[in-house]
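Visitor: Swiss-Prot feature annotations, pasted as is:
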BINDING   Lys22, Asn23  phosphoenolpyruvate binding site
BINDING   Arg91, Arg120, Pro121, Met122, Asp123, Leu124, Asp303, Val325  UDP-N-acetyl-alpha-D-glucosamine binding site
ACT_SITE  Cys115  active site, proton donor
MOD_RES   Cys115  2-(S-cysteinyl)pyruvic acid O-phosphothioketal
Amino acid sequence: MEKFFIVGSHGLKGEIKVSGAKNSALPIIAATLLTREPCVLENIPKLEDVNIMLSILKRLGSKVEFGQLLTIQNNRINELIIPEELARKIRASNLFLGPLVARFQEGVVPLPGGCNIGNRPMDLHLKGLRLMGAEVEEKSGFIRARAKKLKGAEIHLDFPSVGATENLMMAAALAQGTTIIRNAAREPEIVDLQNFLNLMGAKVKGAGTDIIKITGVNQLKGVTHKIIPDRIEAGTHMVMAAATQSDIIISGVIPEHLEAVMAKLKEAGALITSGGDWVRVTGKSIIKPVDIKTMPYPGFPTDMQPQILALLTLAQGTSIISEGVFDNRFKHVEELRRMGADIRLESRIAVIKGVPKLTGASVIAHDLRAAAALVIAGLAAEGMTVLEGIKNLDRGYENLDLKYQLIGAQIKRVNGEEKY
C-alpha cells in the first residue's frame, strides 16, 4: 500500500505544467463509442480513472492504444454490458449508457462507484433517456436501456447535473430529430465535449449556457481532438502556493476557467496575476478568512472545496464554507483536525476557526479531493505528515508528487513499511 511522506515546505518557487482535464477525458472516451472510425485524443492524463474507462472499452471490444496519444477504434464492439467489477470503481462508467443506446440500441450499466461523496443518483440521466423514447428498467443493481431509435425531446433537468448533461448530449447526437436540454450544466468540460462531438459531425450548440440544442445525425466520423487543461488540478496548485507562501507559475491553463478560485484566493490575501495560458500565485504570510458556497459552474467548484478548506485552517479569523452541491463531502475534516485544525461541522456547513499552525500527523485520504487537501495541509504544516490512501489521489492527479518535487517540495512516495 503506497503512501506519501510529506515534510512542511514553505517558500517554494517554480513552474508547474497542468495535465489534461480528467473530467473532459472521461466523457470524451465514452463518446468515441458513437463512431466505428478511429479517434485520436491528445493531452489525455495518465490516471487510474482513465485506465479504468479504457479497460471497460476493451471489454466491450474496442481496440485501444495509449502512448503519447490515445487511439480508440470501436468497429468491433461485441458486448453491451459494462462489467460490474470495473463500474464499481468509477462513477463515470454510467457515461457509456447514452452512446451504447444511441449506436447499438441497447446498453446495460451497473449502478456506478467512484468517490463516495454523497447521493449522486442517475435519475436525471434515466428521465432524459425515457423522454427520448428509451425503455429503461432498473433491476438487481443494473440499469438496462433500449431503443430502436432514440427520438429528439425537450428535457428539463431538475438540477444542472454534469453527468446527465453529457450522457444526454451523446445520446441525442445520433437521435432522430432535435433535443433541447434546459437547465444544462455549463462546465468547460461540457463545451469540450460539444467541440469533440461537432468535430465528429454532430450538430450541437449552446454548451456553456443552460440551454443546449442537439440535432441528431445518422452517423459520426473519427477525429483527432486535444483535451482542455484540468482546471481543478490548476486550482489545487494555486491553493498550495497560497498555503505555503510560495511563488508558483501554473502553466498550460485557461485562466477564464479559474475565475471563481482566483477571486477567493485574492480575497484570502494571495497575489495573483495571469496571462494567455498561465496564472502566477504568490502566497502571503497572512491568510485572511473567506466565506464560500460551492455551486455549479461558474460558481466556486465543489471539487475545490476540500483544498481551500485546508488553506483556511490557517487564516487569521473564522471562515464559513457551505457545500451547495454534494452531501457527505467533509471527510477531510476529521483528518485536518488531527493536524490541529479547528473546524466545526453543521450538516453541509463547515465553520473554520483559523489556527497559527498545523502540525504533521498520520492521516488517511478517503476520496480524491480530500487527498489533495491533505497534501496541501502537509506541505503547509510543521514537521512530517504521513498520508495513506494515495490511490485516491492517483485517480485524478497525474504525478502530483513528481510535479511538487520539481519545485522543491519534500514529498516522497513509498511502498508499505518503507521509512522516509
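A Cβ is built for glycine as well, from the same backbone N, Cα and C atoms used for every other residue.
As the structure is a computational prediction, the values presented were derived from the model and not from experiment.
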Visitor: Within 10 Å of its Cβ, which one of these binding-site residues (Asp123, Asp303) has the largest number of other Cβ atoms?
Guide: Asp303
Visitor: Round to the nearest Å and give the CA-to-CA distance linking Val325 (UDP-N-acetyl-alpha-D-glucosamine binding site) with Lys22 (phosphoenolpyruvate binding site).
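Guide: Taking the Cα atoms only, Val325 (UDP-N-acetyl-alpha-D-glucosamine binding site) lies 19 Å from Lys22 (phosphoenolpyruvate binding site).
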Visitor: Between Arg91 (UDP-N-acetyl-alpha-D-glucosamine binding site) and Asn23 (phosphoenolpyruvate binding site), what C-alpha distance do you get in Å?
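Guide: Given the Cα positions, Arg91 (UDP-N-acetyl-alpha-D-glucosamine binding site) is 11 Å from Asn23 (phosphoenolpyruvate binding site).
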Visitor: Test of understanding: give the count of other CB atoms lying within 10 angstroms of the CB of Leu124 (UDP-N-acetyl-alpha-D-glucosamine binding site).
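Guide: The Cβ of Leu124 (UDP-N-acetyl-alpha-D-glucosamine binding site) has 21 Cβ neighbours within 10 Å.
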Visitor: Just to be sure I understand the packing, how many Cβ atoms besides its own are within 10 Å of the Cβ of Val325 (UDP-N-acetyl-alpha-D-glucosamine binding site)?
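Guide: The answer is 23 other Cβ atoms.
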Visitor: Helix, strand or coil at Met122 (UDP-N-acetyl-alpha-D-glucosamine binding site), per DSSP?
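Guide: Reduced to three states, the DSSP call for Met122 (UDP-N-acetyl-alpha-D-glucosamine binding site) is coil.
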Visitor: Met122 (UDP-N-acetyl-alpha-D-glucosamine binding site) has how many other Cβ neighbours within 10 Å of its own Cβ?
Guide: 21
Visitor: Rounded to the nearest angstrom, how far is the Cα of Asp303 (UDP-N-acetyl-alpha-D-glucosamine binding site) from the Cα of Lys22 (phosphoenolpyruvate binding site)?
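Guide: That separation, Cα to Cα, works out to 12 Å.
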Visitor: Where does Val325 (UDP-N-acetyl-alpha-D-glucosamine binding site) sit by DSSP, helix, strand or coil?
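Guide: SS state of Val325 (UDP-N-acetyl-alpha-D-glucosamine binding site) = coil.
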Visitor: Compare the Cα of Asn23 (phosphoenolpyruvate binding site) against each of the binding-site residues Asp123, Leu124, Asp303 and report the nearest.
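Guide: It is Asp303, whose Cα lies nearest.
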Visitor: Ranked by the number of other Cβ atoms within 10 Å of their own Cβ, which of the binding-site residues Lys22, Arg91 ranks first?
Guide: Lys22
